[in-house]
Amino acid sequence: MKRRNFIKKASATGLGLVAVSSTIISCDETKSSEKKAFVSTSKTKTIKPLVIATWKTDLAVETAAKYLEQGSSALEAVEQGCRIEEANEKGQSVGKGGLPDRDGNVTLDACIMDEKGNYGAVLGVKNIKHVISVARKVMEDTPHVMLVGEGAEKFALEKGFKKENLLTEASKKAWEKWKEKSEYKPIINIENHDTIGMLAIDKKGNISGACTTSGLAYKMAGRVGDSPIIGGGLFVDNEVGGASATGLGEEVLKTVGSFLIVELMRQGKSPQEACEEAIGRIVNKPGKNFKDFQVGYIAVNKQGETGAYSIHEWFSYNLYKNKENKNIKSDFFNKA
Ligand code: SD4
């Protein structure tokens with residue numbers, strides 16, 4: 001009951017989540033004190049079910065939407081949606097077919113968050129395609145939140161996941177070509193990624209999210225980006241909304257991007273404003289040269305309002321709402 005403070009004064013705006021200076025009457029020790037509190041005052045109906053996911057991920061979003069329309073939880077929907085990309089061997093940033101590290105090993109990162117704020121993740125996993133499902137098992141079947149490398153693989157095998165070679169011929173060829181020069185520039189090119197971050201609202205209005213990737217192509221062995229890190233590649237707070245990231249994970253991590261977006265929404269920003277401010281935190285760092293890398297964010301709030309923003313052009317996202325699934329070009333910062 002401690003968290004359940006009753007807020008007497010509501011905002012006049014009635015829009016989204018707004019900060020109001022309120023009198024708080026607590027059920028327990030605090031009788032009445034002047035504090036700042038944040039309260040949802042929206043009277044608009046939540047748009048649900050809803051799915052939003054990074055990049056052109058039509059089939060993944062369609063799949064998640066199908067689960068939601070049939071009454072599944074947002075958690076089930078984001079897991080099933082992400083599995084589609086993990087199984088898509090043509091996508092070279094997720095699951096099977098992902099580009100390997102500089103030693104030729106495909107290593108996958110994934111995380112998932114449910115509406116209760118539970119979180120599970122696996123980092124640097126070899127030989128297992130559906131790491132998003134392993135992340136869910138970490139969340140639900142262990143007392144931990146993260147398993148890494150060999151331990152994560154061992155856990156997955158114990159849970160019945162299939163061991164398979166994730167390096168496809170196409171990705172092997174691309175790696176061999178890269179090896180001719182072996183230029184190590186941890187640059188994420190701007191146009192063509194498909195790390196999938198997905199957020200969903202189910203028919204009950206609950207929000208969950210998932211994120212899965214093979215990370216940076218030709219990364220150093222052991223490198224992990226933002227995607228499996230809570231608050232970096234993904235964050236969900238069922239009272240506020242959720243956010244997910246794609247692009248150069250180092251930059252997302254240094255600004256704790258997805259957590260930042262959710263906190264900005266908690267303070268009253270729209271999902272769009274929050275995504276724009278999170279990109280601002282990256283590009284406005286003194287002396288930051290953002291020309292060579294991309295970061296893109298998606299966000300949704302409790303009402304089902306969405307936002308997306310990236311540093312450069314060519315970021316897109318799929319949005320399922322009102323029974324329509326569309327790929328939409330994101331607005332972006334670098335219009336020079
Ligand atoms: C990473 N954020 O490992 C991921 C890569 C990515 O599209 O999003 N690629 O840094």
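Placement of Cβ uses the backbone N, Cα and C atoms for every residue, glycine included.
So that you can see what the record holds, here are the features copied from TrEMBL:
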ACT_SITE  T195  active site, nucleophile
BINDING   R223, V224, G225, D226, T246, G247, L248, G249  substrate binding site
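Feature annotations (TrEMBL) mapped to structure.
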residue	record	DSSP (3 states)
T195	active site, nucleophile	coil
R223	substrate binding site	coil
T246	substrate binding site	strand
So which binding-site residues out of R223, V224, G225, G249 are up against ligand 1, CB under 6 A?
G225, G249
Quick check for the class: what is the C-alpha distance, in angstrom and rounded, between L248 (substrate binding site) and T195 (active site, nucleophile)?
11
Can you tell me how spread out the substrate site is, meaning the largest CA to CA distance among R223, V224, G225, D226, T246, G247, L248, G249, in Å?
16
Rank the binding-site residues V224, G249 by the number of other Cβ atoms within 10 Å of each Cβ and report the first-ranked residue.
G249
Would you count the other CB atoms within 10 A of the CB of R223 (substrate binding site), including those on all shown protein chains?
17
Would you count the other CB atoms within 10 A of the CB of G247 (substrate binding site), including those on all shown protein chains?
27
Cβ contacts of G225 (substrate binding site) (under 8 Å, same chain, 6 or more positions away):
D109, T213, G215, L216, K219, G232, G233, L248, G249, E250, V252, L253
C-beta crowding around L248 (substrate binding site), within 10 angstroms:
22
Which ones in the same chain are close to the residue listed as 'active site, nucleophile', with CB under 8 Å and 6+ residues apart in sequence?
T54, W55, S93, V94, C211, T212, T213, G215, S227, G233, T246
Ten-angstrom check, please: count other Cβ atoms within 10 Å of the Cβ of D226 (substrate binding site), all chains counted.
32
Enter the number of other CB atoms within 10 angstroms of the CB of T246 (substrate binding site).
30
